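Since the structure comes first, as structure tokens, the remarks are kept for the end.
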Amino acid sequence: MDAALKRSRSEEPAEILPPARDEEEEEEEGMEQGLEEEEEVDPRIQGELEKLNQSTDDINRRETELEDARQKFRSVLVEATVKLDELVKKIGKAVEDSKPYWEARRVARQAQLEAQKATQDFQRATEVLRAAKETISLAEQRLLEDDKRQFDSAWQEMLNHATQRVMEAEQTKTRSELVHKETAARYNAAMGRMRQLEKKLKRAINKSKPYFELKAKYYVQLEQLKKTVDDLQAKLTLAKGEYKMALKNLEMISDEIHERRRSSAMGPRGCGVGAEGSSTSVEDLPGSKPEPDAISVASEAFEDDSCSNFVSEDDSETQSVSSFSSGPTSPSEMPDQFPAVVRPGSLDLPSPVSLSEFGMMFPVLGPRSECSGASSPECEVERGDRAEGAENKTSDKANNNRGLSSSSGSGGSSKSQSSTSPEGQALENRMKQLSLQCSKGRDGIIADIKMVQIG
């Protein structure tokens, strides 16, 4: 029984499950539906679509009409060609013989039309001139009849305008009169030639008259059809321009909608990276200074000492000689040229030489002799002794100061120490100890930095 139930269940067709839809597709469809529900259709789109449809209908209609007009023009042209060829074969040589007459007749007709137009222009100019002259005469007559009326500025302006119109009308009349004379002369010449040819070719003219009359008829008909084709072509161009403008407006609206969607998806612009927890204003930045730690202070002191120790010997000699030769005579008058550098107390070096001893180390030459500039032998000897003594003293001071370094950053210009042997020896020993301490301190600082980086 159980086996039969299992067999029947296995024989039953399995239910067909619908294919699993991708989650991304479902999300995209949901987003599209949400956007369609949230956003309303821009009313401008409907108006532009209506214009687009109307322009499309106009273009189709104008193209159809234009094609029909062109087809009709071609059919009339073919018909005229066929019939005229038949008449030429029927009439024969008379058509060629009478062509000069019919050409002269066409020229005379054209000259007649031009003469008629010139006559109308001349008549119009004559009427304008007559009216302007009547206006001036009436104005002058009213001014003379009224004794109480004064010749004021308004009356003068009115007369000036009337006079100007009279002058313009006279110029127009003169030009139209010249044109009328020229056209009349051409018309008379054309008519005279046509009469001469008519007398000369009377028989050929009568024989070929049906041909040229039919040709003139078809010519007028073809001219009308050509004008219709030109009008339809202009209307078609206008309809295409409206269609193009509607497409351009739709494209602009689409760009605006996409830009609005993009900006709404991005959201408002927030603060920059690292500015979330910053409550300090820009005005407080100059007042806030970082507190120096031990490593930074030691490194600054080491840099100051190393810079002062590596001053070249030539610079120290030159600075010592120039500073004491051109500076003030007393140590108290020497200005402090550079501000003092802050450093830890453990690295301060007490100076073994006081300022009062600079006078002993570098004695200043006494006042110049009264005979400076004289040419006596005594003055020459005195100047030579002074120069030789100054050179000896300068060389001795330079030799004694080669092993010393002055604190140029804290005390202004480089100052030489005393040349006495006990004090110079003590200063040299102290500088050696300081350089050893600085090197040890630098090694320790570098080791601490490496440990911090490793940690």
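For all residues, glycine too, the Cβ spot is worked out from N, Cα and C.
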Which one of S330, S421 shows up in Swiss-Prot with the note phosphoserine?
S421
Proximity of the coiled coil (44-90) to the coiled coil (154-200), 3+ C-beta pairs under 8 angstroms:
no
Based on DSSP, tally up the residues of the compositional bias 'Basic and acidic residues' (42-51) by helix, strand and coil.
9 helix, 0 strand, 1 coil
Please average pLDDT over the coiled coil (44-90) for the predicted structure.
91
